[in-house]
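Here the structure is laid out as C-alpha cells; the discussion comes afterwards.
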Amino acid sequence: MAALVQIKETSSPWKKLLGYIGPGILVSVAYLDPGNLETDLQAGADHKYELLWIVFAGLLFALLIQSRSANLGVATGKHLSEHCKKEYPKSVNICLWMLAEIAVIAADIPEVIGTAFALNILFRIPIWSGVLLAGLNTLVLLGLQRYGIRLLEGVISILLLVLGGCFFSVMVHARPSVKEIAMGLVIPRLSGGSATRDAVALLGALIMPHNLFLHSALVISRKITRSPDGIRSASRCFLLESSLALLFAFLINVAVIAVSGSVCSYPNISSESKKQCKNITLDSAAFLLKDALGKWSSKLYAISLLASGQSSTVTGTYAGQYIMQGFLDLRMKLWLRNLLTRCIAIAPSLVVCSVGGSAGAGRLIIIASMILSFELPFALIPLLKFTGSAAKMGLHKNSIVVSLCTWLLGLCSIAINIYFLSTSLLGWITNKKMPKAASILSGLLIFPLITLYIALLAYLILKPETASQGSSDFDADSNHHDEAESEPRAEFNHTQRTGEIEIDSITCS
C-alpha cells in the first residue's frame, strides 16, 4: 500500500495549495493531446483566429465538468467507475466498462501516432517502430509510480512546460497580430458552414470521456480531513489547482491556433504551403512550419509533439487502470495491468501504421475522434447524476444553479457530439464513391446501433436513483475516516509505500 499525499493544516494558503497541485496537471494533458493539436492547427489554418472564442468557451465548460468529477472523488472517497459499479445492474456495467475501455483506446490512438510522427521527424524512425517505442516509453514513465504519485506528476509537468515552451517560441517567430487574437477570443463569429463544422470539431476534441473517470480517481491521492469543512476546503483547492492547469492548457491551444493562423495567412506563402494548409496533419505541419519559419521551427514542433504524445499516453493508461479496477474490481499486479492496458491501446495504431503508413494513421485519428464523440455521454451523464445526488454527495451535492448549468451545457455538448457523429456517418454512407449495395448494408447495420445508443442514453438519464451507498455522510459517520485511510480504493493504495508529503495548516477558502 502506498502512502497518500498528506494534507495538514498550515498558516500559509500557498503551502496548502502546493499539496493539492498535481491531479489538475495530469487532467489538463488531455486538452493538449496530439488530436487536439491537429484540430487546432486546422482551425487556425482555415479560419485564422476566428474560432479562438470556441476554445475559450470550451475550456470554461471543461473546467466546470472536471470540477464536478473532482468533487465526486473528494466527497465520497470513490471514483466514477466505482460509483457506476454500485449504481447500475451487471449488464449495464459491462456495457459501460466496454465503452470506457474503447474510449481509452480511441483517445490513445492520436497520442501514440503523434509520438511516432515526432520520432520520425526528429530521428527518421519508421512510423510502425515509433508506435512500439511510444508504448515502451510510456511503460518506463509509468514505472515512476513506484516512487510515488508526486514524482510522476512532476515529470508530466516538465513535459507540459516543454510543450508550451516550444509552441510559444514558434509563436514569437510567427508574430501573430495580438489585436486580432484578442478579437478572436471575445467576439463570437462563425462565418459559413465550414466554420460551424470546425467549431463542432474543436468542442468535440476538448472533453475526453476517460478524463472524467481519471480526475475523480486522482483526487483521492490526497489525504484530507474527512469533515464537511475539510471536504469543502479540498474542493476549493482542487478547483483552483484545476483552473491554473487548464489556463496553461488554454494558452497553449491559443498559441497553436495563432501559429497556424499566422503561417497560412502569410501574404508571401508559397502555393505548395497554401495547399498543405487545406489539409494539415500531425506530420505535414512540421514541413509547413519548416517552409514558413525555418528548420528550427519544425524541430521545435516535433519536440512539442513528442512531449504531448508521451504525457497523454501516460494519463490515458492511468485512466485505463482506474476504469478496469473500478468496474471489474480486478486486483492484478500494477506492472501487469499497465502492460495489458498499453498493449490493448497500441494494437490498432500498430496495425494501421504498418499497413497504411502515415496516410492510414491520419485517417485513424479522424475515426478515433468520432469514437470519442460517441462515448462522451456514457461518462458525462452518470457524473452529473451522481454529483447532483444527496444520497451520494450529502451536503456537497451540486447546487440547483450548478445542476442547471451542468445539465444544460452537458446536454448541449452531447447534442453537438451526436451532430458531429451523425453527419460524419451520414456523409460516409452517402458517399458517391461507395457502391450502392455497400451503402445500404452500412445503413442497415448502423441504424440499429443508433437505436441502441439512444436507448442506453435514455436509460442512464431516466433511471431512478438507488438507495444511499452510505459514502457521503461525514458529519456523523466516524468510521468513514478509518475506511478512507485503510481501504485500497485508489490506485495509489495498490502500489508500493512511499514517503508522505506533510504540509502544515489552513483552508483554501
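Note: Cβ is positioned from N, Cα and C throughout, glycine not excepted.
Under the heading compositional bias 'Basic and acidic residues', TrEMBL lists 477-500.
What TrEMBL lists as region 'Disordered' is 471-509.
Positions annotated as transmembrane segment by TrEMBL: 17-32 (among others).
Positions annotated as transmembrane segment by TrEMBL: 52-74 (among others).
The annotation transmembrane segment is assigned in TrEMBL to 94-119 (among others). Listed by sequence, the residues of this chain that lie at least six past the ends of the transmembrane segment (94-119) yet keep a Cβ under 8 A from its Cβ atoms are 30, 33-35, 37-38, 81, 84, 88, 125, 127-131, 133-135, 137, 208-210, 213, 282-283, 286, 302-303, 305-306, 308-310, 312-313, 316-317, 319-320, 323-324, 327-328, 341, 344-346, 348-349, 353, 358, 361, 364-365, 367-369, 371-372, 375, 378-379, 382, 456.
Taken from TrEMBL, the feature transmembrane segment covers 125-144 (among others).
Annotated transmembrane segment per TrEMBL: 151-174 (among others), in sequence order. Sequence-distant contacts of the transmembrane segment (151-174), counting only residues of its own chain at least 6 positions beyond either end whose CB sits under 8 Å from a CB of the stretch, comprise 21-23, 25-26, 28-29, 32, 141-142, 144-145, 248, 251-252, 255-256, 258-259, 262-263, 289, 292-294, 297, 300-301, 303-304, 307-308, 310-311, 314-315.
If you look up TrEMBL, you'll see 242-263 (among others) marked as transmembrane segment. Same-chain residues lying 6+ beyond the ends of the transmembrane segment (242-263) with a Cβ under 8 Å from its Cβ atoms: 23-25, 27-28, 31-32, 36-37, 40-45, 47-49, 51-52, 55-56, 59, 62-63, 66-67, 70, 160, 163-164, 167-168, 170-171, 174-177, 181, 185, 215, 269, 273, 277, 280, 285, 288-289, 292-293.
As annotated by TrEMBL, transmembrane segment applies to 339-359 (among others).
Here TrEMBL flags 365-388 (among others) as transmembrane segment.
What TrEMBL lists as transmembrane segment is 400-420 (among others). Long-range contacts of the transmembrane segment (400-420) within the same chain, counting only residues at least 6 positions beyond its ends with a Cβ under 8 Å from a Cβ of the stretch, are 61, 64-65, 68, 200-201, 203-204, 207, 370, 373-374, 376-377, 380-381, 384, 387-388, 457.
If you look up TrEMBL, you'll see 440-462 (among others) marked as transmembrane segment.
At the 8 Å Cβ threshold, with sequence separation of at least 6, the transmembrane segment (52-74) lacks contact with the transmembrane segment (440-462), having fewer than 3 such pairs. Most Cβ pairs under 8 A with the transmembrane segment (440-462) among the ranges 17-32, 125-144, 365-388 are made by 365-388. With a cut-off of 8 Å between Cβ atoms, the residues of this chain six or more beyond the transmembrane segment (365-388) that come close are 34-35, 38-39, 65, 68-69, 71-72, 80, 83-84, 87, 96, 99-100, 102-103, 106-107, 109-110, 113, 201, 204-205, 207-210, 212-213, 216, 282, 397-398, 403, 406-407, 410, 413-414, 417-418, 420-421, 424-425, 453, 456-457, 460-461, 465. With a cut-off of 8 Å between Cβ atoms, the residues of this chain six or more beyond the transmembrane segment (125-144) that come close are 111-113, 115-119, 151-152, 155, 309-310, 313-314, 317-318, 335, 338-339, 342-343, 345-346, 349-350, 353-354, 357-358, 361.
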